[in-house]
(Lines of atoms letter the chains of each structure in order from A and count residues from 1; the text may use other names and numbers.)
(Lines give C-alpha, C1' and ligand atoms only; values in the text may rest on other atoms or scores of the structure.)
Protein backbone atom coordinates (compact mmCIF):
# COMPACT_ATOMS: atom_id res chain seq x y z
CA UNK A 1 0.00 0.00 0.00
CA UNK A 2 2.84 2.39 0.81
CA UNK A 3 4.33 1.85 -2.62
CA UNK A 4 1.03 2.63 -4.34
CA UNK A 5 0.62 5.68 -2.12
CA UNK A 6 4.07 6.93 -3.10
CA UNK A 7 3.30 6.38 -6.79
CA UNK A 8 -0.02 8.21 -6.44
CA UNK A 9 1.63 11.14 -4.62
CA UNK A 10 4.33 11.30 -7.30
CA UNK A 11 1.83 11.54 -10.15
CA UNK A 12 -0.32 13.93 -8.13
CA UNK A 13 2.62 16.29 -7.73
CA UNK A 14 3.70 15.93 -11.38
CA UNK A 15 0.87 17.10 -13.59
CA UNK A 16 3.11 17.00 -16.64
CA UNK A 17 3.98 13.34 -16.03
CA UNK A 18 0.31 12.49 -15.60
CA UNK A 19 -0.67 14.30 -18.79
CA UNK A 20 2.12 12.64 -20.78
CA UNK A 21 0.99 9.26 -19.44
CA UNK A 22 -2.64 9.93 -20.38
CA UNK A 23 -1.51 11.12 -23.80
CA UNK A 24 0.42 7.88 -24.35
CA UNK A 25 -2.49 5.75 -23.15
CA UNK A 26 -4.89 7.49 -25.53
CA UNK A 27 -2.47 6.95 -28.40
CA UNK A 28 -2.15 3.23 -27.61
CA UNK A 29 -5.91 2.99 -27.15
CA UNK A 30 -6.51 4.54 -30.58
CA UNK A 31 -4.28 1.93 -32.25
CA UNK A 32 -5.86 -0.92 -30.29
CA UNK A 33 -9.40 0.23 -31.08
CA UNK A 34 -8.62 0.46 -34.79
CA UNK A 35 -7.03 -3.00 -34.93
CA UNK A 36 -10.03 -4.50 -33.12
CA UNK A 37 -12.57 -2.60 -35.22
CA UNK A 38 -14.48 -4.66 -37.79
CA UNK A 39 -14.42 -2.41 -40.86
CA UNK A 40 -17.36 -3.17 -43.14
CA UNK A 41 -17.95 -0.85 -46.10
CA UNK A 42 -21.64 -0.63 -47.12
CA UNK A 43 -20.75 -0.65 -50.86
CA UNK A 44 -23.65 1.66 -51.72
CA UNK A 45 -23.60 4.99 -53.57
CA UNK A 46 -23.35 8.02 -51.26
CA UNK A 47 -22.99 5.77 -48.22
CA UNK A 48 -19.42 4.72 -49.00
CA UNK A 49 -17.98 8.20 -48.65
CA UNK A 50 -19.97 8.97 -45.50
CA UNK A 51 -18.88 5.71 -43.88
CA UNK A 52 -15.23 5.89 -44.92
CA UNK A 53 -14.71 9.54 -43.95
CA UNK A 54 -16.76 9.05 -40.79
CA UNK A 55 -14.50 6.23 -39.61
CA UNK A 56 -11.47 8.35 -40.46
CA UNK A 57 -12.48 11.59 -38.71
CA UNK A 58 -15.22 10.96 -36.10
CA UNK A 59 -13.08 8.81 -33.72
CA UNK A 60 -10.21 11.38 -33.81
CA UNK A 61 -12.65 14.11 -32.79
CA UNK A 62 -13.82 11.89 -29.92
CA UNK A 63 -10.25 11.18 -28.86
CA UNK A 64 -9.42 14.89 -29.05
CA UNK A 65 -12.35 15.78 -26.78
CA UNK A 66 -11.35 12.99 -24.36
CA UNK A 67 -7.82 14.39 -24.30
CA UNK A 68 -9.16 17.82 -23.37
CA UNK A 69 -11.46 16.40 -20.68
CA UNK A 70 -8.79 14.22 -19.06
CA UNK A 71 -6.24 17.02 -19.02
CA UNK A 72 -6.51 18.82 -15.68
CA UNK A 73 -4.79 21.89 -17.06
CA UNK A 74 -7.73 22.49 -19.42
CA UNK A 75 -9.92 23.46 -16.49
CA UNK A 76 -7.11 25.44 -14.87
CA UNK A 77 -6.55 27.38 -18.09
CA UNK A 78 -10.27 28.16 -18.49
CA UNK A 79 -10.50 29.31 -14.87
CA UNK A 80 -7.46 31.55 -15.33
CA UNK A 81 -8.87 32.98 -18.57
CA UNK A 82 -12.39 33.63 -17.23
CA UNK A 83 -11.55 34.76 -13.70
CA UNK A 84 -12.01 38.43 -12.67
CA UNK A 85 -8.74 40.31 -12.71
CA UNK A 86 -8.93 41.48 -9.08
CA UNK A 87 -5.54 42.40 -7.59
CA UNK A 88 -3.67 40.14 -10.02
CA UNK A 89 -3.40 40.93 -13.70
CA UNK A 90 -3.83 38.23 -16.31
CA UNK A 91 -0.84 37.24 -18.41
CA UNK A 92 -2.01 36.29 -21.90
CA UNK A 93 1.38 34.74 -22.67
CA UNK A 94 0.87 32.21 -19.86
CA UNK A 95 -2.66 31.40 -21.07
CA UNK A 96 -1.38 30.93 -24.65
CA UNK A 97 1.39 28.65 -23.41
CA UNK A 98 -1.08 26.53 -21.43
CA UNK A 99 -3.47 26.36 -24.40
CA UNK A 100 -0.68 25.30 -26.76
CA UNK A 101 0.53 22.64 -24.31
CA UNK A 102 -3.01 21.27 -23.88
CA UNK A 103 -3.69 21.18 -27.63
CA UNK A 104 -0.34 19.58 -28.33
CA UNK A 105 -1.07 16.66 -25.98
CA UNK A 106 -4.69 16.30 -27.06
CA UNK A 107 -3.74 16.08 -30.76
CA UNK A 108 -1.42 13.07 -30.41
CA UNK A 109 -4.07 10.31 -30.34
CA UNK A 110 -6.21 11.79 -33.18
CA UNK A 111 -3.19 12.23 -35.44
CA UNK A 112 -2.08 8.64 -34.78
CA UNK A 113 -5.58 7.39 -35.64
CA UNK A 114 -5.64 9.32 -38.94
CA UNK A 115 -2.13 8.18 -39.92
CA UNK A 116 -2.92 4.53 -39.09
CA UNK A 117 -6.15 4.60 -41.13
CA UNK A 118 -4.35 6.15 -44.11
CA UNK A 119 -1.54 3.60 -43.99
CA UNK A 120 -4.10 0.80 -43.81
CA UNK A 121 -6.04 2.24 -46.76
CA UNK A 122 -9.46 0.69 -46.13
CA UNK A 123 -11.19 3.97 -45.30
CA UNK A 124 -9.93 5.77 -48.39
CA UNK A 125 -10.80 2.84 -50.65
CA UNK A 126 -14.32 2.77 -49.24
CA UNK A 127 -14.77 6.55 -49.42
CA UNK A 128 -13.40 7.24 -52.93
CA UNK A 129 -13.92 4.02 -54.87
CA UNK A 130 -16.92 5.59 -56.61
CA UNK A 131 -14.92 8.68 -57.58
CA UNK A 132 -12.20 6.90 -59.56
CA UNK A 133 -11.89 7.65 -63.27
CA UNK A 134 -12.90 4.35 -64.96
CA UNK A 135 -10.96 5.20 -68.13
CA UNK A 136 -7.71 4.46 -66.31
CA UNK A 137 -8.68 0.79 -65.98
CA UNK A 138 -9.11 -1.60 -68.88
CA UNK A 139 -11.83 -3.72 -67.24
CA UNK A 140 -14.37 -0.90 -67.40
CA UNK A 141 -13.84 -0.01 -71.06
CA UNK A 142 -16.84 -1.84 -72.49
CA UNK A 143 -19.26 -1.16 -69.64
CA UNK A 144 -22.03 1.45 -69.58
CA UNK A 145 -21.79 4.50 -67.28
CA UNK A 146 -24.51 3.35 -64.90
CA UNK A 147 -23.05 -0.13 -64.56
CA UNK A 148 -19.55 1.32 -64.12
CA UNK A 149 -20.74 3.36 -61.16
CA UNK A 150 -22.35 0.27 -59.62
CA UNK A 151 -19.16 -1.70 -60.07
CA UNK A 152 -16.94 1.03 -58.62
CA UNK A 153 -18.91 1.32 -55.39
CA UNK A 154 -18.59 -2.48 -55.04
CA UNK A 155 -14.78 -2.38 -55.17
CA UNK A 156 -14.32 -2.56 -51.34
CA UNK A 157 -16.56 -5.65 -51.19
CA UNK A 158 -14.39 -8.40 -52.64
CA UNK A 159 -16.99 -11.09 -51.90
CA UNK A 160 -19.73 -9.38 -53.90
CA UNK A 161 -20.99 -11.37 -56.91
CA UNK A 162 -20.47 -8.47 -59.33
CA UNK A 163 -16.81 -8.01 -58.37
CA UNK A 164 -15.79 -11.61 -57.71
CA UNK A 165 -14.66 -12.27 -61.29
CA UNK A 166 -13.79 -8.67 -62.20
CA UNK A 167 -10.09 -8.22 -62.87
CA UNK A 168 -10.16 -4.44 -62.36
CA UNK A 169 -11.26 -4.57 -58.71
CA UNK A 170 -7.75 -5.30 -57.45
CA UNK A 171 -6.32 -2.60 -59.71
CA UNK A 172 -8.68 0.05 -58.33
CA UNK A 173 -8.03 -1.13 -54.78
CA UNK A 174 -4.25 -0.99 -55.26
CA UNK A 175 -4.53 2.46 -56.87
CA UNK A 176 -6.48 3.94 -53.95
CA UNK A 177 -4.36 2.18 -51.34
CA UNK A 178 -1.24 3.62 -52.96
CA UNK A 179 -2.64 7.15 -52.68
CA UNK A 180 -3.78 6.53 -49.12
CA UNK A 181 -0.39 5.26 -47.96
CA UNK A 182 1.42 8.07 -49.77
CA UNK A 183 -0.79 10.59 -47.98
CA UNK A 184 -0.24 8.85 -44.61
CA UNK A 185 3.55 8.75 -44.97
CA UNK A 186 3.56 12.39 -46.12
CA UNK A 187 1.63 13.49 -43.02
CA UNK A 188 3.97 11.47 -40.80
CA UNK A 189 7.05 12.95 -42.47
CA UNK A 190 5.68 16.50 -42.13
CA UNK A 191 4.98 15.95 -38.42
CA UNK A 192 8.47 14.54 -37.79
CA UNK A 193 10.11 17.47 -39.61
CA UNK A 194 7.91 19.96 -37.73
CA UNK A 195 8.82 18.45 -34.34
CA UNK A 196 12.51 18.37 -35.32
CA UNK A 197 12.49 22.03 -36.37
CA UNK A 198 10.52 23.08 -33.28
CA UNK A 199 13.07 21.46 -30.96
CA UNK A 200 16.22 22.54 -32.75
CA UNK A 201 15.15 26.06 -33.65
CA UNK A 202 13.68 26.88 -30.25
CA UNK A 203 17.05 28.01 -28.78
CA UNK A 204 17.27 30.59 -31.57
CA UNK A 205 14.32 32.51 -30.09
CA UNK A 206 13.89 34.37 -26.81
CA UNK A 207 14.13 31.76 -24.06
CA UNK A 208 13.29 34.17 -21.25
CA UNK A 209 9.68 34.53 -22.40
CA UNK A 210 9.29 30.75 -22.67
CA UNK A 211 10.78 30.19 -19.21
CA UNK A 212 8.50 32.81 -17.70
CA UNK A 213 5.40 31.33 -19.32
CA UNK A 214 6.33 27.80 -18.21
CA UNK A 215 7.12 28.93 -14.67
CA UNK A 216 3.87 30.83 -14.15
CA UNK A 217 1.76 28.11 -15.77
CA UNK A 218 3.24 25.64 -13.28
CA UNK A 219 2.65 28.15 -10.50
CA UNK A 220 -1.05 28.51 -11.36
CA UNK A 221 -1.47 24.74 -11.29
CA UNK A 222 0.42 24.34 -7.99
CA UNK A 223 -1.41 27.27 -6.39
CA UNK A 224 -4.76 25.74 -7.28
CA UNK A 225 -3.73 22.39 -5.78
CA UNK A 226 -2.44 23.96 -2.56
CA UNK A 227 -5.59 26.07 -2.24
CA UNK A 228 -7.78 22.98 -2.61
CA UNK A 229 -5.67 21.03 -0.10
CA UNK A 230 -5.81 23.92 2.37
CA UNK A 231 -9.58 24.18 1.93
CA UNK A 232 -9.87 20.44 2.63
CA UNK A 233 -7.78 20.79 5.80
CA UNK A 234 -9.86 23.75 6.94
CA UNK A 235 -13.13 21.94 6.13
CA UNK A 236 -12.04 18.86 8.06
CA UNK A 237 -11.08 20.86 11.13
CA UNK A 238 -14.20 23.01 10.85
CA UNK A 239 -16.37 19.89 10.69
CA UNK A 240 -14.48 18.40 13.63
CA UNK A 241 -15.11 21.51 15.73
CA UNK A 242 -18.82 21.51 14.81
CA UNK A 243 -19.20 17.85 15.73
CA UNK A 244 -17.44 18.32 19.06
CA UNK A 245 -19.64 21.29 19.81
CA UNK A 246 -22.76 19.27 18.94
CA UNK A 247 -21.76 16.34 21.14
CA UNK A 248 -20.47 18.44 23.99
CA UNK A 249 -23.46 17.55 26.16
CA UNK A 250 -23.13 13.82 25.35
CA UNK A 251 -19.64 13.14 26.61
CA UNK A 252 -20.67 10.17 28.74
CA UNK A 253 -22.41 8.40 25.85
CA UNK A 254 -19.41 9.00 23.64
CA UNK A 255 -17.08 7.45 26.20
CA UNK A 256 -19.32 4.36 26.44
CA UNK A 257 -18.97 3.83 22.68
CA UNK A 258 -15.17 4.14 22.86
CA UNK A 259 -14.99 7.46 21.05
CA UNK A 260 -12.02 9.48 22.21
CA UNK A 261 -12.37 13.22 22.60
CA UNK A 262 -9.45 15.54 23.13
CA UNK A 263 -8.98 16.94 26.56
CA UNK A 264 -9.68 20.53 27.36
CA UNK A 265 -7.21 22.64 25.42
CA UNK A 266 -5.65 19.66 23.62
CA UNK A 267 -5.13 20.40 19.91
CA UNK A 268 -6.77 23.78 20.29
CA UNK A 269 -3.66 25.70 19.37
CA UNK A 270 -3.11 23.86 16.09
CA UNK A 271 -6.79 23.93 15.29
CA UNK A 272 -7.12 27.64 15.85
CA UNK A 273 -4.00 28.18 13.77
CA UNK A 274 -5.54 26.36 10.81
CA UNK A 275 -8.97 27.88 11.27
CA UNK A 276 -7.44 31.39 11.12
CA UNK A 277 -10.33 32.83 13.07
CA UNK A 278 -12.82 31.78 10.38
CA UNK A 279 -15.49 30.29 12.59
CA UNK A 280 -18.82 30.52 10.73
CA UNK A 281 -20.31 29.81 7.33
CA UNK A 282 -20.63 33.44 6.24
CA UNK A 283 -16.93 34.06 6.81
CA UNK A 284 -16.00 30.95 4.82
CA UNK A 285 -18.25 32.00 1.92
CA UNK A 286 -16.84 35.53 2.01
CA UNK A 287 -13.28 34.21 1.96
CA UNK A 288 -13.96 31.92 -1.01
CA UNK A 289 -15.66 34.75 -2.88
CA UNK A 290 -12.66 36.99 -2.20
CA UNK A 291 -10.31 34.30 -3.51
CA UNK A 292 -12.27 34.18 -6.79
CA UNK A 293 -12.90 37.89 -7.33
CA UNK A 294 -9.82 39.41 -5.64
CA UNK A 295 -6.90 37.05 -5.97
CA UNK A 296 -3.90 38.41 -4.06
CA UNK A 297 -1.08 39.95 -6.09
CA UNK A 298 2.05 37.91 -6.72
CA UNK A 299 4.08 39.89 -4.20
CA UNK A 300 4.88 38.14 -0.91
CA UNK A 301 6.66 41.24 0.39
CA UNK A 302 3.20 42.54 1.29
CA UNK A 303 3.00 40.76 4.62
CA UNK A 304 -0.37 42.00 5.77
CA UNK A 305 -3.33 43.75 4.27
CA UNK A 306 -6.79 44.61 5.48
CA UNK A 307 -9.50 42.05 4.69
CA UNK A 308 -13.21 42.66 5.26
CA UNK A 309 -13.43 39.64 7.57
CA UNK A 310 -12.83 41.82 10.56
CA UNK A 311 -9.12 41.39 11.32
CA UNK A 312 -5.63 41.72 9.88
CA UNK A 313 -4.45 38.72 7.90
CA UNK A 314 -1.70 37.97 5.46
CA UNK A 315 -2.40 38.26 1.75
CA UNK A 316 -2.02 34.49 1.55
CA UNK A 317 -3.57 33.17 4.79
CA UNK A 318 -2.14 29.71 4.31
CA UNK A 319 1.39 30.83 3.43
CA UNK A 320 2.87 30.53 6.92
CA UNK A 321 1.37 27.11 7.66
CA UNK A 322 4.27 24.63 8.09
CA UNK A 323 2.40 21.78 6.40
CA UNK A 324 1.50 23.96 3.43
CA UNK A 325 5.07 25.21 3.10
CA UNK A 326 6.39 21.66 3.04
CA UNK A 327 3.87 20.71 0.33
CA UNK A 328 4.82 23.75 -1.71
CA UNK A 329 8.52 22.87 -1.40
CA UNK A 330 7.76 19.33 -2.56
CA UNK A 331 5.96 20.71 -5.63
CA UNK A 332 8.73 23.14 -6.48
CA UNK A 333 11.49 20.54 -5.99
CA UNK A 334 9.87 18.43 -8.63
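Using N, Cα and C of the backbone, Cβ positions are placed for all residues, glycine too.
Listed features, source TrEMBL:
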- 21-40: transmembrane segment (TRANSMEM)
- 46-71: transmembrane segment (TRANSMEM)
- 92-115: transmembrane segment (TRANSMEM)
- 182-201: transmembrane segment (TRANSMEM)
- 311-334: region 'Disordered' (REGION)
- 321-334: compositional bias 'Polar residues' (COMPBIAS)
Please identify the stretch among 21-40, 92-115, 182-201 with the greatest number of Cβ pairs below 8 Å relative to the transmembrane segment (46-71).
92-115
Under 8 Å between C-beta atoms and at least six residues away from its ends: which parts of the chain pack against the transmembrane segment (21-40)?
11, 55, 59-60, 63, 66-67, 70-71, 105-106, 108-110, 112-113, 116-117, 120, 122-123, 126
